[in-house]
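Quick notes on the structure that follows.
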Amino acid sequence: MTKHIILGSVGHHFQTENRVISLFQGLSLTVSSAETNAIVGPSGVGKSSLLLILAGLETPQSGNVVFSDGGVAQPLLALRQQSGFIFQQFHLLPELDAINNIALPLKLKGDKSAMEKAEEWLCKVGLENRAKHKPSQLSGGEQQRIAIARAFVTEPAFVFADEPTGNLDEKTAKDIVELMFECSDANQTGLVVVTHSKALSKMADHCYELSQQGLLGYKDSSVKVA
Amino acid sequence: MKPSIIKLSWQLFRQQYHTSDNRLLRWIQGCLLFFLLSLSLSSVSIQTHLEKNLQQLLGADLVLSQYQPLTESQLAHANSLSTNHTLVQLLGLTLTNGEKWQKVKLKLVGDNYPLQGNLTVSDTLSGETIAARSGPRPGEIWVDARLFSSLELSIGQSISIAEKPFRVTRIIHHEPDKLLEGHGAVSMRAMIHADEIGLFDEEVSELGSGKATEAQYRYLFETNSAHHQSFLTWTKKELPGAQVVHRGGGHPLALFWQRTENFLGLASVLLFLMAAIAIDLTGRRQLINQKRFVALCLSMGISRTQGITLAVLQWFIGFILLLIPALILASITQVFIIGELQAQFPELSSQWQWLPIMKTIVLLLALLAIFQIPGWMELSHVSVPQLIRQQSNKRSNWIRFFWSILSITGLAVFYSDNGLLTGFVLGAMLATLLLMMSLTWILLMVGEKVTQRRQGLLPFTFFIMKQRLLSKSVQILGVGLCVTLLLFTLVLMKDMGNAMQGYVRHHDGNLMITRAQAHQVENIKQWAKQTGSQMRQLKPYLHGQVVKINGASLSEHTTKPSDSMAALKARVRLHWSAQVPANNQLQSGQWWTQNTENWNQVSVEEEVMTDIGLKLGDRLSFLVEGKVYDFVIKATHVYKPGNGSITFWFQVPPEAIKHIDANQYYMGSMELPENAWPELSKLWQQNPRVYLLPIREMTERFDNILAIITKLVTFFSAMIIFMAVLVITASVKGYEVDDRKKNGLLLSFGLPKSSCVRLSLYEWLITALIAAIGAIVGTWLAGELIYQSQFSMNYVPDVLWLSVALVITTVLVCCAGLISSRASLNASIQQLVAQ
């Protein structure tokens, strides 16, 4: 059943020592677990904050966030339990090898076939020969592949990615993007990616540009410009 | 060295000053500096006092003491080396007044006493003191203030010694030869004229005879310092059993203090062991920063040497700046310690001497630098590519371990005087560490295997801890070592008090006979029969003094101070037994066969063997009543609990007694019913020379010692607790970045914050449990090893007490761990995104 995250007239700002920096106001957006979404925009405009609000990790200063499952509103904790994350810095645990890094969320949930599933995902991301390698022995692209596998291994409703190719060269970035979208398609997982990459954004079902003026949708008519 | 390098080091030092790693490292090093400097400063004050004491309280230029009078020719030779002399004869006996009794040392002095210095006396306890030109006249007795109060005497009253009445005419406040009486807790003293010697025919021999007796003969000589060496050479050759003290020589208590200082040094070895772990944990992240910095230097064209110099200088600046507050704090502590010791040594005062303090500072500098060497070595292997590609150096763990062990061994060698005690303490600690390491590995491996397919946070805790096995082991070992030391210190303090009150009485009765002659034993037995008392043990012995080992004098054989060495400078008891005594166990060699003709054999107690550095086959020469007898070490024995506690250091075959012409004594114990105690004064009146020691008096003495030890232990415990907190903080801080990342990731997997707290709690619970089990086993092991060898006590662990300790330790470690981990528990996904 399709799940949705609905932002209703959301506004957000943050406070420095002597002034309030406003990020966005009256922003409304709906993302679906059956689609891929890209958020682009210049640095400092609040893309990452928007991603965290969508993931239910940050509470907006105004407006509301609703997670709906088959049209029924669910608590945001349920959203978090059905989410995966991909970070720009990969954030693999250095003391765990590749397979154990992927198995980590499954083990937490007490999945009895955690290692088998992790192995399966290791093959999916093309690193079956690197199972016992520690993150320090892997290249940046390989580390991000492991991070992607870790995010998708629990079959979440949504995966949130923050600048997933920011630390990678063009060729590797392209491979990573393709992998992410493939995984999303294959698992029917909603993907929300914050990126600077035009190429990446073009691959998404929906692309939004966040600027001082608000959020502008490129491909979908349901985007409400603030 | 370029000034720019120094300037840059200073800048770097200032920049890193406020980082949490640097702060923690400063606390650890500061703690060690403070402890050892306090020890060193107090030591300087005490050494200076002893030196001054020697100059003022000898009562002569040179004093010679032994258990036999000098022969005519010996005295003539001594006189040729001096200008004047006087003789003090000393006897131990028990004085009674009504039902009151007190063991005293009786001094018999001639008309020319004192030779040098003042003998001050008074007529009343609080009255004005006057300097007496000579000692008491015949028929008079002078007593010291403590004895006067204890026997409730009054001036002018009469007391009997060997049935002759003596009139109490003066209270003694100061004797010029006080130094040789010792300090504080030594026997109370009474003084009579030397002409009264006739009362003690049995105990003394005719002057000039050279025959050994029970009395001690102290000759005070006025002599030119130029003759001291000749005197010493002569006594060493002619009078091997004599003790000689002279101005310019060593204080008799100097060796005692050195032993105390060494024991405290051992304590600092243990603190160093904990600090090594804390420094290792803290230094981990600092080293990464330093490596990055040196690599950056290299990338900017600065030489590797300059990069390392910067790191070394930076550390040195930190050391110097730590030294100043540590020195100030240590000085204040020293004033406090000296204040406490003034109760025992009234003339003691705080002193300051640069040389010994500098020596300690240099030692500390060297030892702390050793901890840093592995880091500096790693810096020398840094290269620019490492800036791009992080490479871990697996060898560095072993190198760090090696240098830490080297530093601790260096400190142990420098400070420790008692090889066996140091070996046992460090051995017990090492065994504890190995046990904790095995427990960690087994528990995490099995825990992870068993819970692998289960749901929940506990299985995940096992999984993540197993993955971090190495770092977790270091953390558990650090915490475990702290807990072990603390627990052992507390258990030792508790058990020593209990054991003295309970165990000794249970096995040995409530009255010790420390010396009695055969005819006195008959009187005691008769008295016991009349009063319903029971004789528990009775063992014969004779007095002997070890004067040579394999032909060399004691001081030539070993220069290392130890308890055994200090005891061997005086007379020791030589016991004979056909079989291994019931409360002894053969440790090595072979006990002699019954009725053996080969009587020159001796079995030596194991600890004495270690302390003095003896081995089977060594030849010991005993001076027994003026004659030297040689014995070959054929066996070694140790104390075995359960059959009384009297254990002799030296035991020979019964056949030997037939060849040794000497007085025989007995040592033993009795159990007195309550109604027999008031009758004890009668036994003493009849046998004033019997040495009896009620256990309650022994425990009273023990309590006084325990009070001082308690203060010392409390101070040491506070240091351990503080160090334990530093170790826990260091172990958390060292992995804070990793833990923060882990917690952030767990949140990103949809776990609530409370789960991160629970996860951390489980980790600390497992850590605390292993540490507590290790600590209890370690304490038991140390107890088994040290109690028997050092205190002749059997270690009986109190299960309830230890269980309570286990629970409290676990709770405290968990709390301390969670409090220290609160920074990493505040992690969020936002922080991960922001990175």
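Cβ coordinates are placed from backbone N, Cα and C, and glycine is handled just like the others.
Listed features, source TrEMBL:
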type: DOMAIN; residues: B:715-827; note: domain 'ABC3 transporter permease C-terminal'
type: TRANSMEM; residues: B:24-46; note: transmembrane segment
type: TRANSMEM; residues: B:263-283; note: transmembrane segment
type: TRANSMEM; residues: B:310-337; note: transmembrane segment
type: TRANSMEM; residues: B:357-377; note: transmembrane segment
type: TRANSMEM; residues: B:398-415; note: transmembrane segment
type: TRANSMEM; residues: B:421-444; note: transmembrane segment
type: TRANSMEM; residues: B:474-493; note: transmembrane segment
type: TRANSMEM; residues: B:705-732; note: transmembrane segment
type: TRANSMEM; residues: B:761-787; note: transmembrane segment
type: TRANSMEM; residues: B:799-819; note: transmembrane segment
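Note: the stretches the transmembrane segment (B:398-415) and the transmembrane segment (B:24-46) are not in contact (fewer than 3 CB pairs below 8 A, sequence gap of 6 or more).
Comparing B:263-283, B:310-337, B:421-444, B:761-787 for CB pairs under 8 angstroms to the transmembrane segment (B:474-493), the maximum falls on B:761-787. Under the criterion of 3 or more C-beta pairs below 8 Å, with sequence separation of 6 or more, the transmembrane segment (B:24-46) and the transmembrane segment (B:310-337) qualify as touching.
Helix, strand and coil content of the domain 'ABC3 transporter permease C-terminal' (B:715-827), in residues and according to DSSP, is 98 helix, 0 strand, 15 coil.
In summary, the transmembrane segment (B:421-444) lies against the transmembrane segment (B:263-283): three or more C-beta pairs, each 6 or more positions apart in sequence, are under 8 Å. If you count C-beta pairs under 8 angstroms between the transmembrane segment (B:761-787) and each of B:263-283, B:357-377, B:799-819, the highest count goes to B:799-819.
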